[in-house]
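Here's the structure we're looking at; comments come further down.
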Amino acid sequence: MAVGRNNTIVTKFILLGLSDHPQMKIFLFMLFLGLYLLTLAWNLSLIALIKMDSHLHMPMYFFLSNLSFLDICYVSSTAPKMLSDIITEQKTISFVGCATQYFVFCGMGLTECFLLAAMAYDRYAAICNPLLYTVLISHTLCLKMVVGAYVGGFLSSFIETYSVYQHDFCGPYMINHFFCDLPPVLALSCSDTFTSEVVTFIVSVVVGIVSVLVVLISYGYIVAAVVKISSATGRTKAFSTCASHLTAVTLFYGSGFFMYMRPSSSYSLNRDKVVSIFYALVIPVVNPIIYSFRNKEIKNAMRKAMERDPGISHGGPFIFMTLG
């Protein structure tokens, strides 16, 4: 438990959410429920498809299935509570629950940073060293990179969470957000937040810069290798292979850097809520679309699954997304 002003024990916070207008509540609930269900349906479908089709048992799709799992956990750390708060008057969250929510949300996000870097290295190995690909990207190495991503992500998240939630907080303990994100929680602190801001910035820089450097170096080598390909068809195929990953990287890192790698004086809680919706709810639902829309192997795997079980064609929106 944290200590508030006058040595009172802080046991809970109140999440103000996005809007108090009754008409907006219904619209927001339907919108975010739809996004959450689509995220679950599309990512679970992608995981199941990769597991069922032996042609997709490759490092690239091993990483992709882990990314889908991460996105499910990532959005589930905030969406259920947010949906519950929209339709009920009980918008409180315990101090421990708030800290846990931020720890899981931050841990999943930082883990995704490392995983996207691992996926960039995988693309580098596949395009720049195709003959040595199975040697460079072995199953053991894939497991080590995924485990390392989780360890690095959640260790970094623990450091951030501890530095933030050790503060004294001022009443009335109202968080102007729909989940326990960093800026609105720090805004309630009665004590100096400089150290926490420095710690958070350092963690964000280390994780962000390291993972971005891996991505940039990998794609630097990829571009150098692709321009040497004499066939225009070969160049197009190589670039299209990387386009989906680059799109996902740009969306994720761009929104993350905007939120967490800037001075606290530039925070605008109302504006940041909109940005938070994008990286907390929208990115997890568009990732499977980005990776599947132009992926022939996933489309072929889906067609085979539909041929084996025609009932799959009525199984959800993922079918139309992959084959449309």
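Cβ atoms here come from the backbone N, Cα and C positions, even for glycine.
Here is what Swiss-Prot says about this protein:
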type	residues	note
DISULFID	C98-C190	disulfide bond
CARBOHYD	N6	N-linked glycosylation site
TOPO_DOM	1-26	topological domain 'Extracellular'
TOPO_DOM	48-55	topological domain 'Cytoplasmic'
TOPO_DOM	77-100	topological domain 'Extracellular'
TOPO_DOM	122-134	topological domain 'Cytoplasmic'
TOPO_DOM	156-197	topological domain 'Extracellular'
TOPO_DOM	219-238	topological domain 'Cytoplasmic'
TOPO_DOM	260-272	topological domain 'Extracellular'
TOPO_DOM	294-324	topological domain 'Cytoplasmic'
TRANSMEM	27-47	transmembrane segment
TRANSMEM	56-76	transmembrane segment
TRANSMEM	101-121	transmembrane segment
TRANSMEM	135-155	transmembrane segment
TRANSMEM	198-218	transmembrane segment
TRANSMEM	239-259	transmembrane segment
TRANSMEM	273-293	transmembrane segment
Exercise. For C98 (disulfide bond), what is the tally of other C-beta atoms lying within 10 angstroms of its C-beta?
Worked result: 25
Problem set entry | Close approaches to the transmembrane segment (27-47) from elsewhere in its chain (Cβ under 8 angstroms; 6 or more beyond its ends) | 18-19, 64-65, 68-69, 71-72, 75, 79-80, 82-83, 86-87, 281-282, 284-285, 287-289, 291-292, 298, 315-318, 321
Exercise. For the transmembrane segment (101-121), what are the same-chain contacts with Cβ under 8 Å, counting residues 6+ beyond its ends?
Worked result: 60, 63-64, 66-67, 70-71, 73-74, 77-78, 81, 93, 137, 145-146, 148-150, 152-154, 156-158, 160-161, 164-165, 179-182, 185, 203, 207-208, 210-212, 214-215, 218-219, 245, 248-249, 252-253, 256, 279-280
Problem set entry | Secondary structure of C98 (disulfide bond) (DSSP, helix/strand/coil) | helix
Seminar exercise, completed: Counting only residues at least 6 beyond its ends, the same-chain positions whose CB falls under 8 A of a CB in the transmembrane segment (273-293) are 18, 32, 35-36, 38-39, 42-43, 45-46, 64, 67-68, 71-72, 74-75, 78-79, 105, 109, 177-179, 181, 244-245, 247-248, 251-252, 255-256, 258-259, 299, 318, 321-322
Exercise. What are the DSSP helix/strand/coil residue counts across the topological domain 'Cytoplasmic' (122-134)?
Worked result: 12 helix, 0 strand, 1 coil
For this session: Specify the count of other C-beta atoms within 10 Å of the C-beta of C190 (disulfide bond).
Result: 15
Exercise. Under an 8 Å Cβ to Cβ limit, what residues of the same chain, 6 or more beyond the ends of the topological domain 'Extracellular' (156-197), are close to it?
Worked result: 2-5, 8, 10, 12-18, 77-78, 81-82, 85, 93, 95, 98-99, 101-107, 110, 203, 206-207, 259-260, 264, 267, 269-270, 272-273, 276, 280
Problem set entry | Where C190 (disulfide bond) sits in the secondary structure, as DSSP reduces it to three classes | coil
Seminar exercise, completed: Comparing 56-76, 198-218, 239-259 for Cβ pairs under 8 Å with the transmembrane segment (135-155), the winner is 56-76
For this session: State the residues, same chain only, that lie 6 or more residues beyond the ends of the topological domain 'Cytoplasmic' (122-134) and have a CB under 8 A from a CB inside it; answer 'none' if no residue qualifies.
Result: 59-60, 63, 218-219, 221-222, 225-226, 238, 241-242, 245
